[in-house]
Amino acid sequence: MTSSPSAGTAPHGFPAADALAPSRPQANVRRDGATGLARLSFLIPTIYIIFLLLPIYWLGTMSLKTNQEILGAFTLWPTNPTLANYRVIFTDPSWYNGYINSIIYVALNTVISVSVALPAAYAFSRYRFLGDKHLFFWLLTNRMAPPAVFALPFFQLYSSFGLIDTHIAVAIAHCLFNVPLAVWILEGFMSGVPKEIDETAYIDGYSFPRFFVKIFMPLIASGIGVAAFFCFMFSWVELLIARTLTTTAAKPIAATMTRTVSASGMDWGVLAAAGILTIIPGALVIWFVRNYIAKGFALGRV
Amino acid sequence: MSRITLDHIAHSYLPSPKTEADFALKEVHQVWEDGSAYALLGPSGCGKTTLLNIISGLITPSHGRVVFGERDVTLLPTEARNIAQVFQFPVIYDTMTVAENLAFPLKNRKVPQAEIDRRVAETIEMLGLGPMARRKARGLTADQKQKISLGRGLVRSDVNAILFDEPLTVIDPHMKWQLRSQLKQLHRRYGFTMVYVTHDQTEALTFADKVVVMYAGEVVQVGTPAELFERPKHTFVGYFIGSPGMNVLPAEVAGDRAVVGGHAVALGQHYRPQPGRTEIGVRPEFVRLDDGAGSLPISVRSVEDIGRYRILRGAIGPHELNAVLPEGRAIPASPRVVFDPARVNVYRDAHLVEAEA
Amino acid sequence: MEKTWNNKAWFMVLPVLLLVAFSAVIPLMTVVNYSVQDTFGNNEFFWAGTEWFEEVLASERFHDALFRNLAFSLIILAIEVPLGIAIALAMPRSGFWVPVCLVLMALPLLIPWNVVGTIWQVFGRADIGLLGHTLAYLGIPYNYTQDPVAAWITVIVMDVWHWTSLVVLLCYAGLVSIPEAYYQAAKIDGASRWSVFRYIQLPKMHRVLLIAVLLRFMDSFMIYTEPFVVTGGGPGNSTTFLSIDLVKMAIGQFDLGPAAAMSIVYFLIVLALSWVFYTVMTNYGQDER
């Protein structure tokens, strides 16, 4: 019943409103809605962020100091900033290989987790099948398994397959907690897509794989982003299993850091530089996905 | 309840508006009578929600005063204005029961418990929410939730006006009708001042005593549904109200006739020659098929059969022309039409022109 | 959404099932296997029945670690959850600073866990750490390698530093999803700041809070790397939590039988407690229907 004109369809161009009456009363002064307390509320997050950044700042300054300065007189910032510690890491293959190893198995894990979780999440979000609820719950219980429980059996399992000290071993082991997580996150996003879209696509003659890749995946792109982010995160920060399954060739950077004890004592500067370098990939990833994370959290799925 | 005076209100969301276009709401100067039902009607983005928020106090207008009764409330915050509002999406307190929801505004105002119980019971009765009074509000349907939002306003004895911001948006179509007539009944019985924002003309016309039509941040007409239909003060009103909207044709107007595309059209009254852009407006309901003297040739684009009547969509020259025709008579291949002279309105620069006495 | 019954959906779940089964079922079977057998080396195993379970359940060492871990989890929940809610409430809801705040707050979540340990190990040292040095300068006795109380405080502050942001991010996401109309309605109803929190914000955060509490409980109950790096479970056994104890037993002492029995008991405790948290929190505030 309603006829609402829009620019394209209106038969007449309705002119803009007439001029305002010339005698306009004095402009109102806006009242300040915020109370004194509310105006100070920014202090809470600010103090919290300072609390978060102080230890990281300290690690950062240490990475720019020489060991003499670290152990010598106490200084709040480096008096003679030096990149020597970073040079050690970037020139010594046993150091920088740690980064490469970590990045390889984290990337492998993210790809594996998300790609097997996609069809499974679709099944859970669209169909009922024998044992579906039990299966979903069982998947989630794996997120509750203490890694310490699995460390030793994993070592034996992967030894018997000859996979110890390979990237794929760590990547598959991390699937234990990342796949359930990815299924859970993706299922939440997929349930938000109306089923009519699937049906319309089939009517239009799309095959299932083509529909899934061409239509469905773009619709849940942000969900895939969130799932990938969390897989990256939990694989990147985990050390117990990663260290257990590797010795040299696939050793993660975080494990390499225990090497800094030498005959002359701790090499604090290099340790700090290595620590700072492990923070950077995470920081970059957060920056790129910052707008999607809130969405993922909003679904209540982590 | 009290009269609402909008004293030269204007609003811009920018800190220092310079041109016309910076204003989301251009100057409005109006008095809304106590106990009446007003509908704010217009397309989205026309400023109707801005105007509503100015009345409720969520926005302080950059210019002008808002007066409730004799009291200037322009700078008062929402909670001090004693208004109630029903939002587009039902706002209820999930964890409370229906009765607790209704008691909430009174509890916050430290009303004695006995008084709260009495008023809540009354409101539940009024809205017919009795069977679910002790249930949690969360599990109810959208229309019941909207009734609770309304109830939180009705329960208070000090309310100046009840504001509705497109309250039927999420209601099922068959419940819409029911809820609207119930609202109208409540209004008749208790006589509170109501302001109802909507973009749906049916809702506005069936609900309100007076309809305020807004367009591009400006109030273009305030009138009863009949006035809006018969004498649209602005071509936009003619177009927006009615389905299909009023036909608007460029014309030269002189005396009691207008010339449209070389054809003379009789006007019911006498008009002075008009400077500027002149048009005539005639509702499709007053266009008749007739090939007698003074008729206009039209081309037919389509005919829609509604059941009770047919809509002919056609054109005179380059200009669209619609007609509402009775069922039964065949439409010739190249039909001619005449307008009911008493129903033809004349517009200059989109505004209605009054005839000479 | 109406779901259709289709057992073919199993084929889509199959890859996940195989992958997780490989990573979960086979190791778990190994653990169960060890837990009921004894060995004198040379790959010779004997049936031990429930002997190891009885030993673990009766051992004081296990009781102490369990008690320490429960205490730790409850303390960090009691700090991180209210603190996280408070910070989320104080955050601006829109504007330039929001993404900056969120990114800075998420930073600790993406630091490898042993680096978190290293950061705090360094930060707390009196000779080279900012915190340790400042406290020493102020004359406050603080040495986390000698004093159990200082060790506990360090481990707790570290966990608050590491994980409170997760609670903040979850609560914040819950808060921004509340439509503006709710706040407007509360204003019109004359609600106080407390009422807005109690009747609007808290109910809307209910779901994300459930997740936050569950995740924080599970992860703190499984904590290993961070305290291990800082204190190594010491001084004495004062910060030896269940995972640290388990790894000591399994890898340090190679007591496979007791370690396996403990693993199973441990896993079952996490499952049971998570289930209790889940049920309690989902039932709280539900419809009375």
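Cβ coordinates come from backbone N, Cα and C, glycine included.
Unlike curated entries, TrEMBL annotations are predicted automatically.
These come from TrEMBL:
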DOMAIN    C:66-277  domain 'ABC transmembrane type-1'
TRANSMEM  C:12-36  transmembrane segment
TRANSMEM  C:70-90  transmembrane segment
TRANSMEM  C:96-116  transmembrane segment
TRANSMEM  C:128-144  transmembrane segment
TRANSMEM  C:150-175  transmembrane segment
TRANSMEM  C:208-225  transmembrane segment
TRANSMEM  C:259-280  transmembrane segment
Cβ contacts under 8 Å made by the transmembrane segment (C:70-90) with residues that lie 6+ beyond its boundaries: 155-156, 159-160, 163-168, 170-172, 174-175, 197, 201, 205, 209, 212-213, 216-217, 220-221, 223, 241
The transmembrane segment (C:12-36) and the transmembrane segment (C:259-280) contact flag, 3+ Cβ pairs under 8 angstroms: yes
Chain residues in Cβ proximity to the transmembrane segment (C:208-225) (below 8 Å; excluding those fewer than six residues from its ends, i.e. six or more beyond): 69, 72-73, 76-77, 80-81, 84-85, 113-114, 116-117, 159, 163, 166-167, 170-171, 173-174, 241-244, 247, 269-270, 273-274, 277-278, 281-282
Non-local residues, at least 6 beyond the ends, that sit with Cβ under 8 Å of the transmembrane segment (C:259-280): 30-35, 52-53, 55-57, 62, 66, 210, 213-214, 217-218, 221-222, 242, 245-246, 249-250
